[in-house]
Amino acid sequence: MITWLYVEYRTRKEREGVIFKNHVIQWFEVLDGLLGRNWKILGLVFNCTFLLFGAVIQLIACASNIFLINDHLNKREWTYIFGACCMLTVLVPSFRNYRLWSFFGLIMISYTAWYMTIAALAHGQVANVVHTAPTTKVLYFTGATNILYTFGGHAVTVEIMHAMYKPVKFKYVYVLATLYVFTLTIPSAVAVYWAFGDDLLRHSNALSLLPRTMARDVAVVLMLIHQFITVGFAVTPLYFVWEKVIGIHNTKSLPLRAVCRMPVILPVWFFAIAFPFFGPINSTVGALLVTFTVYIIPCVAHMVVYRGATARQNAVEKPPFFLPSWTGVYLINIFIVVWIIVIGIGWGGWASVTNFIQQIDTFGIFAPCYQCPPRAPVAATPPKLHD
């Protein structure tokens, strides 16, 4: 739906003589051009908030991963360090500059996923392993909203699509990419759960359960770099929005843009330090932000844009060959919206917020080391006996 509306908006503007040479089209602009100011505000609020916390989650993950290699600093101290490193993302002009990094990131995440699969199978099941699956509604719907978050990455679809030379082909690329992601997530999830069972409920980072080896350290480092790149993916659209707000988006001065982008990364740093609950924060974002940003708003917007017979007749994109009827498209959109409202926002929102509050009650805000194993007590030095 997002691709569909983007192509519609861009085609209409180009027919009017608008040139997007130095301008990156964003989702809120698509909504504004097709549906008006109120839709623009709605898209802007949900999209920016989601991207903000998406960057927060990846920054938290950076600290969680590096702690597995070096625990001399706690996770909060590592967040300070990586938050400062993320300041470098202000130097990246656009998504076209991420192409090579995206390719490397794909190799990195592939290694890590298959390492987890092979290492878990080689490790075998731990003693007295238990596989109870979700035992409460909170656990079940927390997991469900985590899945919503995981596959909510197309919140930055428009910016990535705009970086392509043939944006209309993005939807085919995205389907293939999603299928490839399944080959990484499903085998690793099944293997690690088979090996460790319910221990995963107490370890938000599954890598922490695998024995430390050189292969695991390589996986952690590669995952760390991948997540650092993902922080850049999440904050770059926010940089664009901020540049447009202060009126410098079309400037060719990269140093000026870099300096003006600085205030955007600071809230990311702050929230990562304040709420380091990797896992619970993912499901909360999935239930309260991804539901609207990625599923409800695009589907409803599509139905509103093409509600008239004339709009459907003049549509740049037509229904796909496997669903040639506009009625079928509307029925699928309605089903998705209802399902997401009931499962994602309703049950999922209740479960994720309940779990998030439990983490605050247990660990507190600004927790120095979330879910860290207790340190072994230092043995006291016996007193010297004097004559």
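Backbone N, Cα and C atoms are what each Cβ position is placed from, and that goes for glycine too.
These figures come from a predicted structure and were not determined experimentally.
TrEMBL lists 2-342 with the feature domain 'Amino acid transporter transmembrane'. The transmembrane segment feature in TrEMBL is assigned to 41-66, 78-96, 103-126, 138-160, 172-196, 218-242, 254-278, 284-306, 327-350.
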Quickly jot the same-chain residues contacting the transmembrane segment (172-196) by Cβ under 8 Å, restricted to those at least six beyond its ends, or write none.
3, 109-110, 113-114, 116-118, 120-121, 123-126, 129, 131, 150-151, 154, 157, 203, 206, 209-210
How about long-range neighbours of the transmembrane segment (103-126): same chain, 6 or more residues beyond its ends, C-beta under 8 Å?
184-185, 187-188, 191-192, 194-197, 199, 206-207, 210-211, 213, 215-216, 218-220, 222-223, 225-226, 229-230
Can you work out whether the transmembrane segment (218-242) touches the transmembrane segment (41-66), with the criterion being 3+ CB pairs under 8 Å where the paired residues are 6 or more apart along the chain?
yes
Would you kindly check 41-66, 254-278, 327-350 and say which stretch has the most C-beta pairs under 8 angstroms to the transmembrane segment (284-306)?
327-350
